Amino acid sequence: KMVTSILAFLCSFSLISVSLSEFVIVEVQHGGEVSLLCSNLSTFITNVFWFKMDQRSNATKITSMMTAESNATVKEGFKNGRFQMSSNITHVSLNISEVNFSDSGLYFCGLYTNSVAVIFDATFLQVEEAMSPVVGSLGSIIFVLVMVIIFLIVKIRSFQTGTAIIYHLHSSLTFQQIRRGPTAETELDQNRSR
């Protein structure tokens, strides 16, 4: 909402012209690396740039290229080696390495034409806390323990069910043997007498 109102304000005074082809939200973990992509501006022979607008609505120019083939110029405050602008046939990109929380904000890509900034793409970068390796290992351990418990429950139930079946079979066989015992002997005696 705030970004929309700021863009509307700047457009109303003809400070910028907005021609957004995309608006994306990118999430990255603290300490990670991210590449923000912009529509190919290599067809324009003019000053291509990346701006950042932080949570306080301050717009700061990060880097620019006079043409798609020229080297990028990184502005003061961003000359720490973490920000690199590059261009290829399909995109102009801003690569940020070792991302930290202060890198969160809205990034604009565009160009200057007739002293007016034309914005083509906007990307909101959200830096999230990196997942601790301890949390990841703890989750793995819990998963393995739950699987072992489920396996043991199934095994115990199948053992109890198997024992009950064997017991019932044994008692029914024993019961049948007791019933058939005298009958079998009587038949044997009858066969001998014949």
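Start at 1 and count along the chain as shown; that gives each residue its number.
The backbone N, Cα and C atoms fix where each Cβ goes, glycine too.
Per TrEMBL, signal peptide is recorded for 1-21.
According to TrEMBL, the domain 'Ig-like' annotation covers 21-109. Look at the domain 'Ig-like' (21-109): DSSP puts its residues at 3 helix, 47 strand, 39 coil.
The transmembrane segment feature in TrEMBL is assigned to 31-51 (among others).
The transmembrane segment annotation in TrEMBL covers 105-127 (among others).
The transmembrane segment feature in TrEMBL is assigned to 133-154 (among others).
Regional average pLDDT for the domain 'Ig-like' (21-109) in the model is 82.
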